[in-house]
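Grabbed the feature section from TrEMBL, which reads as follows:
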type	residues	note
TRANSMEM	B:12-34	transmembrane segment
TRANSMEM	B:73-90	transmembrane segment
TRANSMEM	B:102-121	transmembrane segment
TRANSMEM	B:127-145	transmembrane segment
TRANSMEM	B:152-171	transmembrane segment
TRANSMEM	B:202-221	transmembrane segment
TRANSMEM	B:245-272	transmembrane segment
TRANSMEM	B:314-332	transmembrane segment
Amino acid sequence: MQIRVERLRVRYENFELRVDNLHFSANRVSALVGPNGAGKSTLLKALSGVIKPVAGSIFVDGRELSRLRGSERARLVSYVPQEHSTALNFRVFDFILMGRSGYLNIFSPPARADYEKTEEVISYLGLEALAARKCQELSSGERRIVLIARALAQDSKIILLDEPTTFLDLKHEMEIINLLRKLAEDRGKTIITSVHSIDLIPRLADFLVMIKNGQILSAGPTTEIFRAELLGTLFDYPLRVVEADGRQLILR
Amino acid sequence: MTGSKRKNKNKAILYIAILFPLLLLLFSLCLGTLRVSLKEVLEILLARISGWPSDLLTTPAANIILNIRLPRVLLALLAGAAFSVSGASLQSLFRNPLVNEYILGVSFGAGFGGAASLVLFSRNFPPQVLAFACGLLAVVLVLVISEGARNTLVAVLLTGIIVSALFQALLSTLEFIASPYALQALFFWLLGSFSQATWPDLAWSAPLILVGLVFLLKLGWRINVLSLSDDEARSLGLAVKRERILIICLATLVTSAVVAIAGIIGWVGLIVPHAVRGLVGSDNRLVLPVSAGLGASLMLLADDLIRTLLPFEFPVGILTSLVGIPFFLYLISRARTSWS
């Protein structure tokens with residue numbers, strides 16, 4: 001499933017983001033990078049339909065996102081925030097089950113099919129040991145995985161993630177990177193994620209979108225635009241990209 | 001605890017929550033100055049329900065059971081269930097264990113509405129209508145005024161206090177202009193009591209409460225999802241604003257329908273859901289029905305105690321406040337560590 005953005009203008013609090021033209025292909029991992037406050041999260045929120053654009057359109061497989069009903073949208077696009085609110089201390093299983101809400105009528109609780117989908121996601125991610133625990137008992141790495149599990153239960157072709165690896169230790173960071181690749185390659189998901197540490201990008205993303213001051217600085221295949229000059233301009237800091245073991249590495 | 005054990009435990013708690021209020025109902029009908037045995041109570045109820053003409057129904061005991069105790073007991077059960085379910089729903093919706101209909105201004109709004117109806121139209125017009133309208137007005141005022149504040153909880157609590165104070169002032173104005181006769185009725189009603197319950201009152205309130213409760217219980221899963229952040233709930237496909245409004249209206253409806261005939265009985269909706277979450281966890285598919293059963297039972301027990309232990313009619317609303325307010329303070333002192 002692909003996403004096309006046309007002449008988009010989004011306002012969030014006092015910030016405005018403009019995207020003239022952007023295209024995300026299906027079955028790819030795309031990364032959004034840029035300095036803090038550049039508009040990565042705003043773009044993700046717009047793509048997820050959580051905030052409505054002031055002008056312009058987002059098309060998901062040709063259907064305009066803002067015209068879809070909430071439940072229809074939820075079946076196409078899921079959104080993984082950095083943290084979930086933990087007002088109520090749900091069991092992990094019930095929390096993941098909430099991903100099924102877009103398939104349910106307002107007065108109906110989840111049915112057998114929803115439980116089955118949730119169980120399938122839990123076994124796919126190997127979360128059996130967590131399922132009976134309470135959300136507030138989880139470590140931050142476990143919480144991120146559980147949030148991704150909820151998005152998988154949502155069973156949408158497109159998954160948007162807001163800096164899914166920030167504050168995680170190295171092992172959990174790599175687990176999530178590998179999982180996102182696997183979801184794109186094996187399960188045909190279209191992944192769009194904002195990324196805080198640019199070192200991860202060559203491992204993670206096929207496609208790269210550089211955002212600065214609410215505008216797209218550059219967008220293209222990672223192999224083409226992951227260049228020292230562009231990254232330096234993006235972050236206002238001179239950087240070098242070197243190759244070692246066939247991989248691109250960033251030197252600060 | 002393993003999954004199946006927990007499920008069994010929760011099922012058991014749910015059955016108890018449904019059965020206990022029913023048993024308590026029968027027991028409560030026996031209580032009072034005139035002792036009536038359980039057997040007699042059952043016979044009288046059966047005779048009444050079956051509709052067969054029976055000598056039993058003409059006895060003084062039958063009159064007391066059917067026309068005085070039964071409406072009172074039913075009202076206490078409905079009130080406990082209504083306050084507890086609306087409290088639990090609102091706490092999830094506002095993501096805060098301190099929120100309840102009292103804090104949101106609904107109680108005093110509905111109280112003023114009911115009183116105004118009593119003073120303006122006497123008993124010729126159902127007080128539920130104005131009670132609901134003013135209860136809703138109060139909660140809308142609280143939400144509109146506190147919207148956009150940085151610390152929403154503090155803002156909601158403060159505006160709740162202010163809006164409640166406004167409706168209390170309006171109530172005082174009513175009391176000032178009311179006739180001495182109306183004033184006496186008003187005074188006792190406002191303190192919160194089931195002693196004045198009659199069938200005509202219940203005929204209006206009971207259907208409203210039951211319908212509201214059924215819808216709230218059916219919304220349990222949605223209320224779970226709405227306890228996440230708005231962005232999350234929206235991305236999961238919910239029409240967040242519309243669904244919130246629906247739930248707030250239902251919670252206000254059941255509360256006002258009780259307040260309109262029983263007066264202001266606060267804090268039940270704070271205590272019961274808290275205890276229930278301790279028992280069964282956070283899932284509102286379970287929390288709401290168990291709160292209904294436990295709240296109904298506690299309310300009826302409180303009324304039974306008042307009815308049997310004290311030689312005079314003590315307003316149950318005072319009792320719930322005396323218990324509820326210290327509990328509220330205890331929760332505030334704990335809220336710094338959780339749910340903050």
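Glycine too: its Cβ is placed from the backbone N, Cα and C atoms.
TrEMBL: automatically predicted annotations, no manual curation.
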Under 8 Å between C-beta atoms and at least six residues away from its ends: which parts of the chain pack against the transmembrane segment (B:314-332)?
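Distant contacts of the transmembrane segment (B:314-332): 76, 97-98, 188, 191-194, 263-268, 270-271, 274, 299, 302-303, 306.
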Count, for each of B:12-34, B:73-90, B:102-121, B:127-145, B:245-272, the Cβ pairs lying under 8 Å from the transmembrane segment (B:152-171), and report the range with the highest count.
B:102-121
What residues elsewhere in the chain lie close to the transmembrane segment (B:245-272), defined as a C-beta under 8 angstroms and at least 6 residues from its ends?
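75, 78-80, 82-90, 93, 97-98, 100-102, 106-111, 113-114, 117, 126-128, 130-132, 134-136, 139, 143, 188-194, 196-197, 201-202, 204-205, 208-209, 212-213, 215-216, 219, 222-223, 226, 291, 294-295, 298-299, 315-317, 320-321, 323-325, 327-328, 331.
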Do the transmembrane segment (B:73-90) and the transmembrane segment (B:202-221) share at least 3 Cβ pairs under 8 Å, sequence separation 6 or more?
yes
Near the transmembrane segment (B:102-121), which residues from the same chain, at least 6 beyond its ends, have a CB less than 8 A from one of its CBs?
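Distal contacts: 90, 127-139, 141-142, 156-157, 159-161, 163-164, 167-168, 170-171, 174-175, 177-178, 182, 185-186, 189-190, 251-252, 255-256, 259-261, 263-264, 266-267, 269-270.
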